[in-house]
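The following features are taken from Swiss-Prot:
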BINDING   7, 384  Mg(2+) binding site
BINDING   14, 208, 209, 210, 211, 212, 283, 284, 285, 331, 332, 333, 334, 335  ATP binding site
BINDING   91  substrate binding site
ACT_SITE  148  active site, proton donor/acceptor
SITE      180  site 'Transition state stabilizer'
SITE      241  site 'Transition state stabilizer'
């Protein structure tokens, strides 16, 4: 079975074609600058051969048509025709309260995704564009929506509700939803395997650290708490997002600076975080280099980032009544030894100690704890695309079995 995984953004379309017989990607590709000048599509095969093409990509449908051409290219493609693709899995950021798991896309699912547009205005509309484009180009191929929020639907009400008038929840669905669920689910499951324990018996704190960062407490394979909330703005400080702050800061700054609601939203989402503090960059490599040369604001930005995460690890240790492991994943979590060291230093009281040499190893599954540490520290590269492909395969196969049983 071959599954095409689609992650459609506002001006980009990431994709992977995965052969599910051995769960390996045949091709990984990206359409960039959709609807903008100088659009480009790049695709890399499993053997390393690369296709790169500059072409006009006015919308997602045209972008997907180029994906079809790339996948079936006589020289650099990986399949002879699109008939070889059995199903398509779509990343959808927000599923609201409706979806506790992935779902086969039909009219009802499409409407539910649209109903969540106001909850994820930057993400769900382009996600839906990707679905629509696929349906037009690949009619009849089963498609599955895999929701970032679904994994967090096991969080209890006392953890996901805000202490606001309850009517706001009833009217507008204002509550914590959580994000990066597909990543947290994948690494939590891998952590259980690395620990040699059944998933149901493992308690882990998963740290997805990239330009957007979130931490999740996972108990027995289920999310019980997470840092991101109603939107991905809540939680720890991030690349350009401020994370959790005193809410009274918002009207205060709006009044002092004369900002509109859209402008304050942009300030908190795109001009804050380590970028806002450092005044330099949201790239942690740049900040590391600047801090090593004595840039005090770069150092402060890194200290804030690490401190906020350290606090959450302590908090979630309490939520779980002790953790078996702390997991680091995503771009920064997998690759930055210095950030991991900043976060974990001084946590020996919680049973967390790392081996300095093992911590230097980048981008591979590894236990970087000292031999006698009570809590294991694991670095696990995330694989959201494989998780989406697995869900898509499982749901499509279940649907086929159901149809067969009904016809009998």
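Cβ atoms are placed via backbone N, Cα and C, with glycine included.
Around the Cβ of residue 211 (ATP binding site), the number of neighbouring Cβ atoms within 10 Å comes to 17.
For the recorded site, residue 211 (ATP binding site), the DSSP three-state label reads coil. According to its DSSP assignment, residue 384 (Mg(2+) binding site) is helical. Checking the binding-site residues (14, 91, 211, 332, 334, 384) against residue 241 (site 'Transition state stabilizer') with a 10 Å Cα-Cα cut-off leaves 211. For residue 91 (substrate binding site), the nearest neighbour among the listed binding-site residues (283, 332, 334, 384), judged by C-alpha distance, is 384.
Of all the binding-site residues listed here (14, 91), the one with the fewest other CB atoms within 10 A of its own CB is 14. Ranking the binding-site residues 209, 332 by the number of CB atoms within 10 A of their own CB puts 209 at the top. Rounded to a whole number, the distance between the Cα atoms of residue 283 (ATP binding site) and residue 7 (Mg(2+) binding site) is 23 Å. Counting only the Cα atoms, the space from residue 384 (Mg(2+) binding site) to residue 285 (ATP binding site) is about 24 angstrom. Counting only same-chain residues six or more apart in sequence, the Cβ atoms lying under 8 angstroms from the Cβ of residue 285 (ATP binding site) belong to 336.
Looking only at the recorded positions 148, 283, 334, the densest Cβ neighbourhood within 10 Å occurs at 148.
Neighbour counts of Cβ atoms within 10 Å were taken for the recorded sites 180, 241; the minimum is at 241.
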